[in-house]
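According to TrEMBL, the feature transmembrane segment maps to 35-57, 77-99, 119-139, 151-171, 203-224, 245-263, 275-298. Among the features that TrEMBL reports, region 'Disordered' is placed at 368-399. Under the heading compositional bias 'Basic and acidic residues', TrEMBL lists 368-382.
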Amino acid sequence: MAHYDATDLATRTIDKRYFPFPNSLDPLTPVFRNGLIPIALCAMLSLLSVSALLGFITYRLISWRRHYKEYVGYNQYVVLIYNLLLADLQQSIAFAISFHWLRLDKILAPTVPCFIQGWFLNLGDVSSGFFVLAIAVHTWMGVVKGYRVPYLWFVVTILMIWLAAVLLTVIGPVMHRDRFFTRAGGWCWISNDFQDERLWLHYFWVFLVEFGTIAIYGHIFVHLRGRIRTVAHNDISKLSRATKFMIWYPAVYVLLTLPIAVGRMVAMTGTQMPDVFFCVAGTLLTSCGWIDALLYTLTRRVFITNELSTGGHNSRGAANITAITLQTGIRPGDDYGLHTIDKELGATRTVTIVGGSNRMTKMVDRGRSHIRDRHGHPDPLRENSPTGSQDTIIKQGKGGIGIVTETDIQIETRSE
């Protein structure tokens, strides 16, 4: 097999319509010819899985009345992951163009495929980073501050994120036209001639997301440890489950994007990185899509069943916590209406204890319990709700009533 070095490639004749080496590569080196195969395959896997999942979520958003009690689009967790998947889709489209370079056995710029690949790669990388950071901030606000962003401002934030990502991608082509996206390693991206643009239109934001995400989740971890130690019988099972699963998305992003970012930054210092490194790093990068799709598929029920609807609410207070005022001396078998304040929804409710024995008595929340049809049978089509459920039950004790916590407990309330 022929061996190619930088001198051979620089002296090779390339059609005058295209940029010379290193902004074009004709033919592909053996390393890139082999290395682009796993990149292209992982890109296609991401493209198919993310497209299928986006189609499924979009269908549920449209036909939500047949499946949920409330519009699932009010579930902020789902909306954030949906937009992260949209960013992954663009990144996978970019790397799927590797099949084109393999077919041609060359990477040519300026060409339409090269521009499309560079555009979607930069837009997908930056937007996915922004949404990973948004997920981290959203989780931090809910866990540490007990605050949920009003839905209107949440939507505005989503739009602003996309606007920022598009601006960071369009500035380069506007300034440098077809010279901006050229061959950069085994694919097309920002040309080696524009190192400052690489830094300020891409690397700066990627590293901001990576280190910012690590700092945010570090603080969440410290906060939760402190809360668990100081609060007796503190039930954060629902919250912590969703939080732990949400951590996986930023973790995947950091692990899969850090190698390529570090490699590019090292290359900017003048140190030549081997081509095989970029092939491996590119394979990891384009795997973000199918891994995110797999994560959501495996954890979807947690977000759908445990996230409170936030449409029309400006909520303060810890999620899924109800402050209950109890009276002592309640006897088994008696029913009592207890005045409660739902901090999550900011509403006043009356809770009915369904008593009857010295064992744990159960409360059922009609607003959050399993939906039944007119014959009293469970309705499986509307059983899962984005509003979640409370986990509080009442236990009879010697001195009256004590609060204990347990998962999958249902509560019955009537609004006042």
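Here, residue 1 is simply the first one shown, and the rest follow in order.
The backbone N, Cα and C atoms fix where each Cβ goes, and this holds for glycine too.
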Do the transmembrane segment (275-298) and the transmembrane segment (35-57) come together with 3 or more C-beta pairs under 8 Å, pairs six or more apart in sequence?
yes
May I ask you to check whether the transmembrane segment (245-263) and the transmembrane segment (35-57) make contact, with contact taken as at least three Cβ pairs under 8 Å and only pairs 6 or more apart in sequence counted?
no
Cβ-Cβ under 8 Å with the transmembrane segment (203-224): same-chain residues at least 6 beyond its ends:
125-126, 129-130, 132-133, 136-137, 139-140, 143-144, 168, 236, 240, 243, 247, 250, 253-254, 257-258, 261, 264-265
